[in-house]
Structure formats: C-alpha cells, structure tokens
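Per Swiss-Prot, the features are as follows:
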type    : residues                                                  : note
BINDING : Lys22, Asp164, Asn195                                     : substrate binding site
BINDING : Thr64, Glu86, Gly88, Val89, Ser94, Asp112, Ala141, Asp166 : S-adenosyl-L-methionine binding site
BINDING : Asp164, Asp190, Asn191                                    : divalent metal cation binding site
Amino acid sequence: MAENGASQETTQVAKHQEVGHKSLLQSDALYQYILETSVYPREPEPMKELREITAKHPWNLMTTSADEGQFLNMLLKLINAKNTMEIGVYTGYSLLATALALPDDGKILAMDINRENYEIGLPVIQKAGVAHKIDFREGPALPVLDLMVEDKSNHGTYDFIFVDADKDNYINYHKRIIELVKVGGVIGYDNTLWNGSVVAPPDAPLRKYVRYYRDFVLELNKALAADPRIEICMLPVGDGITLCRRVS
C-alpha cells in the first residue's frame, strides 16, 4: 500500500510540473484548497471575470495567479500605496488587482510591449471604474525608465513597483527603478522561483524557456540578496515573488 501511495504521489507531482501550474505547491489538492477557501470566495467580480477571460487565451500561463493577485491587492492596501508602476501587464490581472486597491486618485504607470493583450482586459478594467488610474505605455520599458531616471524629480516618487516581464532584463530594471521607488517603498519581482528551477539539477528535464531564463533569475536573486539598499523577503506565492523594501 505504501509503495502504491508513493507512486501516486510521484505521478501527481510529475503532472503538476508538466502542466506548469502557477503555484509551487506540490499538492494540487492543497493549492485548490487555498483557492476555494480563501481566494475565490473573496475575489472581486471584475478580477474573476478577467481571470476567466484570460484562461481562454493561448498564453494564459503568463498571467498572475489568483492567490498572488489577492496578495498584491492586500499588500498595496497595507502600505497605503498611491503612486505605482507595473512593468509587464499581459491582460491586466495584476494591474486590475492594483487599481482596485489604490485610492480614487491613485496612479499606475503600466508598461508592456503588447497593447493587444492589454486590450483583452481593458473592457473589464473600464467596467470596474478604475481605468482612469492607469497610464498605459506600449513598448520596451527600459527607454522610458532611462528618461525617468534622468529627471531627478522622479527619484523616490513611487510607493510600489511590480515587475513581471522579460527575466533577462530584471537586473537592468532593478538598476533603474531602485532610484524611482521611495525610501520605505516596495518593489515586487515576480517569478523569482521560476517553476522551481532555481534548485533543479543540471540534467533536469526543463522546458526550453524555463532553462533559458533560469540563469537570469538566479543572477537577480543573488544580486537582490547582496544589495544593501533594500530589505528582501522571498515568498513561495504563485511562481515566487520577492519583495524589496528600499531602506537607503
């Protein structure tokens, strides 16, 4: 019986990893319990609608998980964020979680290279009455950030910055946005456990995109741990999120 149980558990883990769940929990049942007990019953209707729309999109694994969306929404309220930035938007699930958490005069500078994906969620965002908080910019974020850093009046003006974009540029983003977030403000980097691949052996059967970006994620994690300007906390929420509180 023990052997059979172990075999079933191994199969479950293999299936979990194969479908690329937006959770690092090795038990699908436990993750489902979290969703059904804590997340879905309290999920705002606009977020539920956008989550269900996004689930039909072929790139839906790019979206922020529902539990991470809930976490971001509460975090923003706890820190009383008002001026925020998001790098990497996709259909806007995390953007909507942010917009719903901000006061009516709150602002989000949102950047993504694909406006078409953003427009999938835009009708939901508009219906939720929070579109006026969002300044969406289509195109690469680095040129925009460079211009912002050049203007000293932008330094230390952001309460919260969320990065969920091209992992090979995370270090480049950090070099710039650390100047833009205020002392006491927070930066959130998504996917910092990267499908659990950060601890995978060299011969692990990783998907090509997971293997390609793995070293960039490891580089970021090492850099954040050594950066004296921030306090950090890495959490196994979604695909891993690292919160950085600027202290100097």
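Numbering starts at 1 and runs along the chain as it is shown here.
Cβ coordinates are placed from backbone N, Cα and C, and glycine is handled just like the others.
Projection of Swiss-Prot feature records onto the structure.
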| residue | record | Cβ within 10 Å |
| --- | --- | --- |
| Thr64 | S-adenosyl-L-methionine binding site | 30 |
| Glu86 | S-adenosyl-L-methionine binding site | 26 |
| Gly88 | S-adenosyl-L-methionine binding site | 24 |
| Ser94 | S-adenosyl-L-methionine binding site | 26 |
| Ala141 | S-adenosyl-L-methionine binding site | 26 |
| Asp164 | substrate binding site | 25 |
| Asp166 | S-adenosyl-L-methionine binding site | 17 |
| Asp190 | divalent metal cation binding site | 25 |
| Asn191 | divalent metal cation binding site | 22 |
| Asn195 | substrate binding site | 23 |
If I take the Cα of Gly88 (S-adenosyl-L-methionine binding site) as reference, which of the binding-site residues Asp164, Asp190, Asn195 has the closest Cα?
Asp164
Glu86 (S-adenosyl-L-methionine binding site) as reference: those binding-site residues from Asp190, Asn191, Asn195 with C-alpha within 10 Å of it:
none
Between the Cα atoms of Asn191 (divalent metal cation binding site) and Ser94 (S-adenosyl-L-methionine binding site), what distance do you get, rounded to the nearest Å?
13
Hey, what's the Cβ neighbour count for Val89 (S-adenosyl-L-methionine binding site) at 10 Å?
26
Length of the line joining the Cα atoms of Asp166 (S-adenosyl-L-methionine binding site) and Asp190 (divalent metal cation binding site), in Å:
10
Going by Cα-Cα distance, which of the binding-site residues (Thr64, Val89, Ser94, Asp112, Ala141) sits nearest to Asn195 (substrate binding site)?
Thr64
